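Peer 1: What follows is a single structure, and I will ask about it in a moment.
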Amino acid sequence: MPCRSPRNPSVCVRSAVRKCALTVVSVLVSFYLKKELGGCVLHGRAAGSLHRRLSDGGDVPDAARGFLAAPRGRIRTLRSGMKQLPSAIVVGVKKGGTRALLVFLRVHPDARATGTEPHVFDRFYGNGLARYRDLMPKTLDCQITMEKTPSYFVTREAPARIYSMSRSTKLIVVVRDPVTRAILDYTQTLSKKPDIPSFENLTFKNRTTGLIDTSWSAIQFGIYAKHLDNWLQYFPMRQILFVSGERLISDPAGELGRVQDFLGLKRIITDKHFYFNQTKGFPCLKKAEGSSKPHCLGKTKGRTHHNIDPEVVQRFRDFYRPFNIKFYQMTGMIFGWDD
Ligand SMILES: Nc1ncnc2c1ncn2[C@@H]1O[C@H](COP(=O)(O)OS(=O)(=O)O)[C@@H](OP(=O)(O)O)[C@H]1O
């Protein structure tokens, strides 16, 4: 920048030194905040204005000043965080791709989630919310706490229980073609109990008439419209995000973009984070959370499907069609399962 007072060069030198010092302070403050906040993203405007004010010769903003002046104990809490009840829950569906969603989302510095499924709103409700909170990872004020338990979506009591914990809980449902979902569900059960009857035997009450046994849980779980109805008694549609399990495989970054928007997170996870692993047959992360190595989901995710008689599959499709159409109407989204 040219010197505006050539007759008094010391003014120019002072101004240049001041600018330089402010830039250094600005860099140090943002480095310090990032380190202390454990990776919280200073969202666009806040970060931008801090940098601008400092490099324009302004003061350090109150929040940053307050933070810098915080006593050691407070800083320690800020750094390690506190356990909080989740503000967002992946409530379903079983075999929809819920693990993939959570593993991908955990790449985001402002999202923290439990590794295992807590099952509090279906199996362990009696243990109370304090125990539930204990299961959560520590989070900072700027981070959201999450968990996933896909069986909640089909649990009658789950919506009322989650509502009574917090009516503002954000809900995410990863849905997948109910026919594929049922086959994956069966494949998983078969891997644990090889003696169960064949898929075809479990599907039909009467194979000759083609009457489907709707009491079989693998079939029940896929009637999404019915289960959604139960959630809508407590939560408005705007509080529920439906993620396409199919698109989570074909375009993970696209679905993760929608999820980040829904959760109010900055869009940090993009297609740069993924690659398609030919051997696995699924998208994987170029770098896992807290690691620099590529990461695919484990062996139990992305199994080879059990082969089902195409006639049975067709009968299944016919059975689900009206329920799928109802579900498309309720969500205002067409998932394309009946094409
Ligand atoms: N990236 C990636 N890697 C591996 N697997 C993927 C991925 N994205 C979606 N999927 C599909 O997710 C299916 C498992 O879904 P869930 O995690 O919801 O299963 S569970 O309900 O928690 O058991 C899983 O099916 P299974 O292999 O039968 O478990 C996959 O079909």
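Note that Cβ sites are derived from N, Cα and C of the backbone, with glycine treated the same way.
TrEMBL does not curate its annotations; it predicts them automatically.
As the structure is a computational prediction, the values presented were derived from the model and not from experiment.
Straight from TrEMBL, here's the annotation block:
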ACT_SITE  Lys95  active site, for sulfotransferase activity
BINDING   Lys95, Gly96, Gly97, Thr98, Arg99, Arg176, Lys301, Gly302, Arg303, Thr304, His305  3'-phosphoadenylyl sulfate binding site
DISULFID  Cys284-Cys296  disulfide bond
DOMAIN    87-321  domain 'Sulfotransferase'
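For each feature listed, report its degree of burial, its nearest neighbours and the pertinent distances within the displayed model.
Peer 2: Cβ neighbour count for Lys95 (active site, for sulfotransferase activity) (all protein chains, 10 Å cutoff from its Cβ): 25.
Residues near Arg99 (3'-phosphoadenylyl sulfate binding site) in space but far in sequence (CB under 8 A, at least 6 apart, same chain), listed by position: Lys148, Leu297, Lys301. According to its DSSP assignment, Arg99 (3'-phosphoadenylyl sulfate binding site) is helical.
Just so you know, the Cβ of Cys296 (disulfide bond) picks up 19 other Cβ atoms within 10 Å once every protein chain is counted.
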Peer 1: For Cys284 (disulfide bond), which of the recorded positions Lys95, Gly97, His305 has the nearest Cα in space?
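Peer 2: Nearest in space to Cys284 (disulfide bond), counting only the recorded positions, is Gly97.
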Peer 1: List, in sequence order, the same-chain residues at least six positions removed whose CB sits under 8 Å from that of His305 (3'-phosphoadenylyl sulfate binding site)?
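Peer 2: For His305 (3'-phosphoadenylyl sulfate binding site), the qualifying residues are Thr180, Ile183, Leu184, Thr187.
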Peer 1: Give the residue from the binding-site residues Lys301, Arg303 that has the most other Cβ atoms within 10 Å of its Cβ, counting over every protein chain displayed.
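Peer 2: It comes out as Lys301.
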